[in-house]
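Trainee: Okay, these came from Swiss-Prot:
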COMPBIAS  110-132  compositional bias 'Low complexity'
DISULFID  Cys31-Cys63  disulfide bond
DISULFID  Cys41-Cys53  disulfide bond
DOMAIN    28-71  domain 'CHCH'
REGION    1-22  region 'Disordered'
REGION    83-132  region 'Disordered'
MOTIF     31-41  motif 'Cx9C motif 1'
MOTIF     53-63  motif 'Cx9C motif 2'
Amino acid sequence: MATGAPGGNFRTWTPTPPERGSFPLDHDGECKEYMTKYLTCMKFTENKNAPNCRILAKQYLKCRMDNQLMEKSDWDSLGLVNLPGENDVELDHHHHLNNNNTKADGKSGSSNSNQNLANTTNNNTGTSSGTK
């Protein structure tokens, strides 16, 4: 691509690719659930880098890597290693969030996922659950 410059000088401009390659859009919505939960967490914590949001970010990136929507990368290079509370929430083979905090009867400890998000966020950021 050529660009015009004053005086009739033409220079060729060559675009440079992103450092980690291209990131295809998720047209089929394969990772939309993770993206939505991560963005909700970020909104709730006022865009602070809370540990529970980092866990959701890791799950979102794992989904993107598993579905070839981004290149596979090690967690250390992404800064997502040994996150606190990471073992409480895992990713199953069908890319759905599983909460390992279940009762003996197989039911979850809480029926409201937003309340779980709020409690986790408040525990990790030191705020009280009645504020906001």
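Cβ atoms here come from the backbone N, Cα and C positions, even for glycine.
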Trainee: What are the helix, strand and coil residue counts for the motif 'Cx9C motif 1' (31-41) according to DSSP?
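Mentor: Helix (H, G, I), strand (E, B), coil: 10 helix, 0 strand, 1 coil.
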Trainee: I'm trying to understand the geometry here, so how far is the Cα atom of Cys63 (disulfide bond) from the Cα atom of Cys53 (disulfide bond), in Å to the nearest whole number?
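Mentor: Checking the Cα atoms of Cys63 (disulfide bond) and Cys53 (disulfide bond) gives a distance of 15 Å.
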Trainee: Using DSSP with the three-state reduction, classify Cys53 (disulfide bond) as helix, strand or coil.
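Mentor: Reduced to three states, the DSSP call for Cys53 (disulfide bond) is helix.
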Trainee: Whole-number Å only: compute the distance from the Cα of Cys41 (disulfide bond) to the Cα of Cys31 (disulfide bond).
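Mentor: Their Cα atoms are separated by 16 Å.
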Trainee: I need the most crowded of these disulfide-bonded residues: Cys31, Cys53. Count other C-beta atoms within 10 angstroms of each C-beta and give me the top one.
Mentor: Cys53
Trainee: Considering every residue in the motif 'Cx9C motif 1' (31-41), what is the mean pLDDT value?
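Mentor: Averaged over the motif 'Cx9C motif 1' (31-41), the predicted model reaches a pLDDT of 95.
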Trainee: Give me the count of other Cβ atoms within 10 A of the Cβ belonging to Cys41 (disulfide bond).
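Mentor: Looking across every protein chain shown, the total is 22.
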Trainee: With every protein chain in view, what's the tally of Cβ atoms within 10 Å of the Cβ of Cys63 (disulfide bond), excluding that atom itself?
Mentor: 20
